[in-house]
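Residues or ranges marked as [CaMn4O5] cluster binding site by Swiss-Prot on the basis of sequence analysis: 367. Residues annotated as N-acetylthreonine in Swiss-Prot: 15. If you look up Swiss-Prot, you'll see 15 marked as phosphothreonine, on the strength of sequence analysis. Residues or ranges marked as transmembrane segment in Swiss-Prot: 69-93, 134-155, 178-200, 255-275, 291-312, 447-471.
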C-alpha cells in the first residue's frame, strides 16, 4: 500500500500505552490498552469497532423506548406534563403528537407507538451490535472495502464526514416535513393560548436566519436562543438541512486541500477529540435553549422559564391588588420605584419590583397586553382575560427552581409547588454533559497532538499494580 502520510509527522498516530502496534487481538499485550480502556482496543479493528458503535446506538434507542413507555404508563392527563417529571413526552407533544388547544393531551396512543417503535429499533440495533462485536469480520477493509477505512486516509475520512452530514441534513428536513405536511407542530403562540398548526410561511430570508447567529448572546439579544416564532425555527431547519446535505456532497466528492491536510491531525483519537468538541458546543447551546426559550420548548409542556415564572408572579399580584382597588399605574414600592409598573432603561413600561431584571421576557400569555411602548396601562385595566390570569398563577407557582429532593419553587413564594421542572433537569444535565465533553475534547486533543508530534509515550505500565494481580478470566 502506498504511504499516505509523512512518517516524520504521523509516526505513532495512535498513542499506545505499551508501544506495540499489532493488529489483531483485544488484550493488553496486542493492543496496548487494558479491557477497561474499552473501544481504544479496537482502534485498528474496524469490524469490531462497528459492533461497539451499533451496540451503543442500540442502548441509546432502548433507553428512549423504555423511558418513553415508562412515562406513558405513569402519565396522568389531568396534570401538566412538567409536574410529572416527564422529559420525553414533552418533546413528542412539542412535535404536535397527541395534543390539542392549550397543550391539552387528547390522545396518548402516539406516545405509546413512539415507545414501541424505539424498542423494536433497539432490538435490531442490539442484534447488529452483538453480531459485529462477536461474529462479524474483525476488519472490514478486505471483504467490504466501501465500509473499511484507515484512520490516516484523509480522503476516506472526509467521505465518512460527508455521509454523516447528509444524514444530519435529512434529519433536519424530517422536522420541516412534519411541520409543513404531516400534521404540523405545537405553536405556543397560536391565538387563545397555543395549538397544533401547520407552518405555512417559512422564513427563508438569509439575512433573518443568519442574523440570529450574528446577534449578541447577552440580554434581550440572546443569540439564536432568542428565536420566538416557529416560521423562523422551521425555516432555519430548511437552511441547516440544505447546508448539511450540500456540505456532505462536497466532502464526498472532494479531497482535503493542502492547508487542511497540514492544519489537522489525521488520527482516530484526533477525530474523537473533534467530535467531543462539537458535542460540547451542542450541549452548552441546548442548555441555554431549554432554559430560556419558550417557543422551541413550550411552557405548557416544560413548565415556565425562570424569567417567565418571575414575571407571572408580578402579573398575578398586579391583578389581585388592582381588584382590591390599588392604582397599579402610580403605586410606589419600598425603593421609591413603581411597585407594579416602572420604566425600563429604554423607556418601555415594564413590571416593577425584583422581576424588573427579566423585563425583556416574551411569553404568549403576556404579549397581548403590550402596546407600542411596553405594557399598556389601559389593557392592564380593562383587557386581562381569565386564561391569562389562570396561566400566570400556574406559572408563578411552578418556577424552574428546585433541588434534587424536589423542594421546588421560589423560596419566598408560599404557594410554590414541590416539584423539579423538566427545564431544570434538561438544562443542568446538558450543561454538565457539555462540560465533561469539553474536558474529554481537551484530553483527547492533547494526546492526539502529542502522538502526531511523536513525543507521547503514555504512562509507564511496567510496575503497575494490576499486572501482578490474578487475571479476571
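The first residue you see is number 1, and the count goes up from there.
Yeah, the Cβs are placed from backbone N, Cα and C, and that goes for glycine too.
Remember, predicted model here, so these are calculated numbers, not experimental data.
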Most Cβ pairs under 8 Å with the transmembrane segment (291-312), selected from 69-93, 134-155, 178-200, 255-275 = 69-93
Note = Here the stretch out of 69-93, 134-155, 178-200 with the most C-beta pairs under 8 Å to the transmembrane segment (255-275) is 134-155
Note = Within 10 A of the CB of the residue listed as '[CaMn4O5] cluster binding site', the number of other CB atoms across every chain shown is 11
